[in-house]
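Student: This is the structure I have questions about; it appears just below.
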Amino acid sequence: MATSDGNESLGAADSASSLSADSDPPTSSLRRRHAPAPAAAAAVSAFESENLVKDLCDRSCEASPSPSSDDGNDPRSLGADHGSVDSANSVSDGGSVKDEKIGVSGEKSGLEHAVKFAYRASSPAHRKVKESPLSSSNIFKQSHAGLFNLCIVVLVAVNSRLIIENLMKYGWLIKTGFWFSSRSLRDWPLFMCCLSLPIFPLAAFLVEKLVQRNCLSEPVVVCSHIFITSASILYPVFVILRCDSAVQSGVALMLFACIVWLKLVSYAHTNYDMRSVAKSLDKGDAIADPIIVEHPYRVDFKDLIYFMVAPTLCYQLSYPRTLCVRKGWAVRQVIKLILFTGVMGFIVEQYINPIVQNSQHPLKGNFLYAIERVLKLSVPNLYVWLCMFYCFFHLWLNILAELLCFGDREFYKDWWNAKTVEEYWRMWNMPVHKWMVRHIYFPCLRNGIPRGVAVLIAFIVSAVFHELCIAVPCHVFKPWAFIGIMFQVPLVLITTYLQKKFQSSMVGNMIFWFIFCIFGQPMCVLLYYHDLMNRKGSRP
C-alpha cells in the first residue's frame, strides 16, 4: 500500500519536475511517472490544492488542445507545461497527435492524484501567522464593500421609518412658495448688487494695465488693489444690512462676494509676483521654477474673464485644459444637481425647521433637553451638509469645469478618511486650501513667521469669512461661527497628538466625525436660529 500511495501521489510532483526535464526524451518522462515520491502530497498547500481543483474542473470541460497552436503552452498550470514538452518532443519523432493525447491524459491524471492526496488529515492546516480581518493592523487592508452595502440598507430602513413617522406627526410641511414667493421680490437689491460685483474685477484689470504701461508706481498699485478688494466685500455687507431680505438670499450674495474677493486677491498677488520675476530676469537672476519663465508677465482681459468664471481661486496665465465638452455627461450632472437640491429642500423644510422651532436656546434652557435637541438635529443636518458638498464641490464645479474645458478637477480629496482635523481642512475644500497655501501660508513663511503662527493666521482668515457669510445675512453679530472655526486649532493639536501616540488612523477619524456630526454644526444652527428669532422679537 505504501508503494501504491507513492506511485499515485507522484502525479502532484510530476508537473513541477517536468520543467527541469524539457530536454529529456518522452520515454524518460513517462518512465519518471512510476518513480516513488512519498513526500509529494505533503508539499502541496491548501491554497495549491484549491487551484488544482479549479484547474481540473476547467480542463475537464475543454476539448483536447490543437497541435497547431503557436507555442503549445498553457500558462494556467504546471501540468500544461509538461504536456507541451511531451508534445514538442513527439512532433520531432513524427507522432504528434498521439503523444499530445498522452500528455493531456497524463496531466489530467496528475491533477486528479494531486487533488486526492494534497490535503490529507496529516497535512498541517495552519502554516502562517495571520491577523483577523477586523484587527487594528489589518482592518484598512480589507475590502469593506459588503459592510458598505449593509450600511446603505440600514440607512434606507431607518430613514424610511423616520420619513413615515414625520409625515404622520407633522403632515406635509413643504409649501408652494419654498423657492419663490412674494417676499422674494424684496430681495431685488441683493440681486442688483450681485450683478454689479463684476465692476471690481474690471477695476483691478485697469490698475494692472496702467502699471504694465508704467503709469503707476508699485506702492500706488498695492494701495489701489487693497481699496478694490475691500470695497468688493464691504459693498455687499452694506446692501444686506440695509435691506430686510431673506437669510438664504443674503448667504448666497455673501458667498459670491467672498469668492470675488478671494479671486481679486489672487489676481493682484500673482501679478505682483510676476512683475517681480520679470525684474529678476532682467537683472540676470536665475529662477528655480521653469514654468514661471515659460509664462512671462502679461495682462490680458481674456485671461481675467476666464479666471473669474473658472472653478478655481488661484490666478495663473494658463490652465490645464480638456479637448472637448461632453454634453451628455454635463446634462446628467445637471439632472443630479436638481434632484439633490430638492432633497436638501425636503430635509430642511420637513425635518430641520420643526426641530429648531420646537427647541430652546441651547445655552439658556435645560442642559439635557439641549443635548437631546442637538442629537436629534445632528442626523438631518449631516444629510443636508453632505448633499450640499456633493452638489457644489462635485456636481456644480464639475459642470462648470466641463463647460469651460477646465482640466484640473481635484476640487476635494478623500476627506472622509482624515486621520486628524488638520488633514480634513487640507482635503475637503481644495480651491480654498490651495488659495490659503499660495497667498497666506507660504508668504508668511517667506517673511520669517513661524509655521504655527502661519497656520493660526490661515484659520483666523477662514473664521472671519465664515462669520461674515452667516452673521451678516442673519443680522446677528455674535461670533458663534468664528469661535467654531477657531476651536479647530486645539482640535488640530489634540488629534495630531493622538495620531502620533496611538499610531492609529481610527482615533483621530472618530474624533473628527464626532465633532463634525454632533457637536459642531447642529450647535451653531440652534444658536443662530434662536438669536435670529430673538432679534425679530418672536419666540420659536
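Backbone N, Cα and C define each Cβ position, glycine as well.
Here's the feature list from TrEMBL:
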REGION    1-44  region 'Disordered'
COMPBIAS  9-29  compositional bias 'Low complexity'
REGION    58-103  region 'Disordered'
TRANSMEM  145-164  transmembrane segment
TRANSMEM  188-207  transmembrane segment
TRANSMEM  219-241  transmembrane segment
TRANSMEM  247-265  transmembrane segment
TRANSMEM  334-352  transmembrane segment
TRANSMEM  382-406  transmembrane segment
TRANSMEM  453-473  transmembrane segment
ACT_SITE  His466  active site
TRANSMEM  479-498  transmembrane segment
TRANSMEM  510-530  transmembrane segment
Student: Would the transmembrane segment (479-498) count as touching the transmembrane segment (453-473), i.e. at least 3 C-beta pairs under 8 angstroms with sequence separation of 6+?
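Tutor: Between the transmembrane segment (453-473) and the transmembrane segment (479-498), contact is present.
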Student: Under 8 angstroms for C-beta pairs, at least 3 of them, ignoring pairs fewer than 6 apart in sequence. Is the transmembrane segment (188-207) in contact with the transmembrane segment (247-265) by that rule?
Tutor: yes
Student: Do at least three CB pairs under 8 A connect the transmembrane segment (382-406) and the transmembrane segment (479-498), leaving out pairs fewer than 6 apart in sequence?
Tutor: no
Student: In sequence order, which residues at least six apart in the same chain have a CB under 8 Å from the CB of the residue listed as 'active site'?
Tutor: Ala481, Phe482, Gly484, Ile485
Student: Counting CB pairs under 8 Å, which listed stretch among 247-265, 334-352, 510-530 touches the transmembrane segment (382-406) the most?
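Tutor: Result: 334-352.
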Student: What else in the chain is close to the transmembrane segment (334-352), if you only count residues 6 or more beyond its ends and a Cβ gap under 8 Å?
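Tutor: Contacts of the transmembrane segment (334-352) (Cβ under 8 Å, skipping residues fewer than 6 from its ends): 162-163, 166, 170, 172-175, 178-179, 377, 380-381, 383-384, 387-388, 390-391, 395-396, 399, 525.
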Student: Six or more residues beyond either end and a Cβ under 8 Å away: which residues meet both conditions relative to the transmembrane segment (219-241)?
Tutor: 189-190, 193-194, 197, 200, 203-204, 207-208, 211, 250, 253-254, 256-258, 260-261, 264-265, 268, 272, 468, 472-473, 475
